[in-house]
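Accompanying notes for the structure given below.
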Amino acid sequence: MIYIYYFPCSVFLFVNLMCLCSSSVPGRVRVAVRLRPRNAEESVADADFADCVELQPEFKRLKLRKNNWDTDTYEFDEVLTEFASQKRVYEVVAKPVVESVLDGYNGTVMAYGQTGTGKTYTLGRLGEEDTTDRGIIVRAMEDILADVSLESDSVSVSYLQLYMESLQDLLDPTNDNISIVEDPKSGDVSLPGATLVEIRDQQSFLELLQLGEAHRYAANTRLNTESSRSHALLMVHVKRSVKGRELAHSSQNGNSTNMAKSLRPTLVRKGKLVVVDLAGSERIDKSGSEGHTLEEAKSINLSLSALGKCINALAENSAHVPVRDSKLTRLLRDSFGGTARTSLVITIGPSPRHRGETTSTIMFGQRAMKVENMLKLKEEFDYKSLARKLDIQLDKLIMEHERKQKAFEKEIERITTDTQNQISEAERNYADAMEKERLKYQKDYMESIKKLEEKWMMNQHKLGERKDQTASTAEEVAELKKLLSKETSLRKAAEEEVNNLKSQLAQLKMSEASANSESLKLRKMLEDEAYRKEKLEGEISMLQTQLLQLSFEADETRRRLDRGGPGKVPGGLDSLISQVRPQVNDSVNEEKASIANLFEQVGLQKILSLLEAEDADVRIHAVKVVANLAAEESNQQKIVEAGGLTSLLLLLGSSEDETIHRVAAGAIANLAMNETNQELIMSEGGIRLLSITAANAEDPQTLRMVAGAIANLCGNGKLLDVFDKLQNKLRGEGGIKALLGMVKCGHPDVLAQVARGIANFAKCESRASAQGSKTGRSLLIEDGALPWIVQNANNDASPIRRHIELAVCHLAQHEVNARDMITGGALWELVRISQDCSREDIRTLAHRTLTSSPTFLAELRRLRIDY
Ligand code: ADP
Ligand code: MG
């Protein structure tokens with residue numbers, strides 16, 4: 001919550017402050033001279049002498065006799081003769097100052113003069129016995145107390161003695177070294193350590209003075225001095241509140257509001273009257289006759305001489321006034337050259353014996369008269385009381401505000417309640433109105449529905465009438481309908497005709513299709529026939545080759561015999577060849593028979609030993625003989641038992657002769673027909689040797705032999721318990737790779753052997769998988785045979801195609817191969833085989849395989865192929 005207060009008086013205050021600052025008027029130091037009457041001693045001692053001074057009070061002049069014939073004349077502000085009353089002295093010397101103090105100025109009344117000239121008499125007489133004797137101090141206080149109001153004003157005094165630069169509190173003797181504090185801004189001095197006693201009546205003041213005097217006496221006794229050696233200072237603080245009317249008078253703004261008036265700070269005037277009874281102005285004898293050391297003497301007079309110097313400086317308008325040289329000058333800073341109204345009374349005695357002192361006193365007074373002060377009103381606002389007033393005002397305002405706030409909140413609450421009531425009232429009214437409106441509309445709606453129904457009924461009625469009118473039109477429509485149905489039956493007849501024609505066309509197409517399939521069948525039969533023919537041709541060519549070889553060998557033998565007889569031919573073979581020779585040009589059967597004879601006559605062991613003969617030709621002949629023997633199943637067992645197979649394998653590995661390679665491979669192929677031999681061949685590294693041979697061979701016949709041998713080895717499916725081992729070995733020693741490597745020669749015989757090998761391998765793998773001894777993907781696929789299989793599945797040469805078709809069927813029987821077959825394109829071959837294969841058993845196998853594979857079926861479904 002924020003409170004905002006206004007102070008409309010602030011501007012006014014500011015204006016008044018400005019006024020305060022500028023209220024100063026010039027005021028020269030006033031100096032009066034007072035002559036003491038001759039005392040008893042002087043009356044006697046100076047009886048014969050004239051006074052050293054002659055006063056002319058009417059001219060305010062003083063004539064100082066220098067000698068009997070010469071005088072100096074001085075003018076003063078007042079010249080008070082020995083007959084001047086205390087009252088008059090007060091009135092001319094002090095009263096104006098006291099009045100100024102009461103008006104808010106500082107004022108100083110000071111007595112200067114030689115000891116015994118009446119300074120104390122002038123200032124400090126109490127006049128207890130005779131009131132006419134009352135001195136300036138008492139009279140001043142009387143005037144002050146008479147003028148001030150004790151309710152609003154205050155008068156307080158301090159009473160001090162300055163002796164040897166030590167300031168003592170005459171109202172509290174324990175307080176004997178009071179420090180002077182100067183306000184650095186205003187230059188005003190104050191004595192915060194001095195006792196300040198408020199004066200409320202004259203009697204208490206007189207008692208205070210007596211107390212001070214008693215303390216002064218005691219102090220001087222203690223200090224072993226006289227009062228004439230010390231300065232006495234009485235300070236009277238008069239604080240007065242300026243009356244309302246006076247303030248209003250001084251106000252620049254006559255229209256100030258009541259609020260402003262009430263918040264106007266009280267104006268106070270603080271006048272200070274300083275009454276100074278100086279120490280005697282006479283010089284202290286430098287010899288210290290009065291029991292003081294020189295230092296003490298100097299110190300005693302320090303303040304007085306400093307005062308003289310300051311007054312000299314001020315009188316001469318000197319730039320530097322040594323105010324800070326002594327405590328007295330610091331205390332009287334405002335009295336000379338300051339803002340106070342100052343009145344100095346110089347006291348002199350009449351005695352010509354003291355002319356010197358009197359002269360110096362007069363000169364001091366003369367100089368003091370030249371000192372100009374700028375009187376300044378000591379007026380200020382009483383901000384403390386204003387602050388108190390404002391606090392009270394603030395409290396009132398806060399209370400008022402809180403009261404208003406509460407009232408406001410109550411009002412808000414009331415308004416809120418009223419508003420809520422009004423809102424709910426309005427809501428009720430609105431709801432009522434809405435309901436009324438709704439009912440009205442409902443009624444209207446029902447009425448309009450009713451009207452519409454009536455209208456509809458009327459329309460229906462009218463429509464009935466119109467129907468009668470349109471009867472003739474209906475007849476026309478019936479006629480048209482008839483025409484339409486006629487047209488429709490004609491169209492239907494035409495459609496039937498078209499359908500008939502279509503079915504005839506379909507029948508024609510079907511008969512064409514059956515003719516096509518018939519021709520396909522015939523073509524396949526033709527292909528089979530061609531294949532068989534090819535095979536026979538192949539066999540014929542092989543037999544021809546063998547025949548050629550035999551005739552060549554026979555020629556060779558003959559030539560050798562003609563050249564040098566049997567000595568050059570190894571012994572065993574000699575008889576063998578001689579046995580062979582008569583039959584070389586005979587038929588194959590005759591040859592076989594001769595070989596058999598040879599075998600019987602020479603002995604197997606001998607023939608086999610020739611396989612290791614030094615002579616290459618002999619080795620060639622020997623291997624041919626062994627090959628021929630191995631072609632006969634009845635010889636195979638014997639050859640193997642006699643170590644022929646081992647020898648053949650050794651020869652295959654050691655020889656570099658292509659003929660040996662071809663013939664040996666053929667022999668091994670024949671021996672590999674037997675499953676026992678197959679194991680033996682493989683255990684003796686036959687696959688590796690055949691693979692190497694295949695890699696090095698160029699002759700298609702050699703390759704055909706090698707491929708045939710490997711194909712036979714691939715067909716080892718009988719020993720299923722060792723199947724996986726053998727298959728892995730076959731593959732591990734590069735059998736499949738060797739087969740695939742041989743296809744590059746392109747010879748159909750070689751390709752047919754490769755296809756047979758692959759089909760054999762796939763068949764065995766399939767069996768093993770079915771029996772659970774083989775898991776995982778086909779090794780054929782692993783070794784990369786699939787692309788070749790797919791490429792050749794529909795090979796023109798029927799032996800190749802048939803083997804591959806079988807191989808595809810075997811591979812497809814295992815789901816583990818399905819994914820590879822799909823990606824490799826074998827699925828389409830399988831589909832083709834199942835539909836187009838000329839051999840029914842293969843076709844059936846393909847179809848069964850295909851329909852039992854979820855993967856293939858899913859793929860066909862995915863490709864939206866109806867199978
Ligand atoms: P101071 O204070 O200057 O030393 P005092 O005031 O003590 O001198 O005066 C010395 C003596 O002279 C006192 O006895 C005093 O009563 C007397 N005296 C001084 N002035 C007058 C005067 N104007 N009329 C009568 N007696 C006076
Ligand atoms: Mg005195």
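Just so it is clear, glycine is given a Cβ too, placed from its N, Cα and C backbone atoms.
Segment annotation: TrEMBL labels coiled coil over residues 398-436 (candidates 320-358, 398-436, 437-475). Of the chain residues outside the ATP site list GLY113, GLN114, THR115, GLY116, THR117, GLY118, LYS119, THR120, ARG36, ALA111, TYR121, SER228, GLY280, THR347, GLY349 have their Cβ within 8 Å of the site's Cβ mean position. Less than 6 Å separates the Cβ from ligand 2 in the case of LYS119, drawn from the binding-site residues GLY113, GLN114, LYS119 in sequence order.
With a cut-off of 8 Å between CB atoms and residues at least 6 apart in sequence, the same chain places GLU226, SER228, ALA279, GLY280, SER281, GLU282 near THR115 (ATP binding site), listed in sequence order.
In the structure shown, the C-beta of THR117 has more C-beta neighbours within 10 angstroms than that of any other entry among the binding-site residues THR117, THR120. When secondary structure is read from DSSP and collapsed to three states, LYS119 (ATP binding site) falls in the helix class. Residues belonging to the repeat 'ARM' (602-644) score a mean pLDDT of 85 in the model.
Taking a C-beta cut-off of under 8 angstroms and a sequence separation of 6 or more, GLN114 (ATP binding site) has the following same-chain neighbours: GLY280, SER281, GLU282, THR347, ILE348, GLY349, HIS354, GLU357, THR358, THR361.
Cβ crowding, taken as the number of other Cβ atoms within 10 Å, peaks at GLY113 among the binding-site residues GLY113, GLY116, GLY118.
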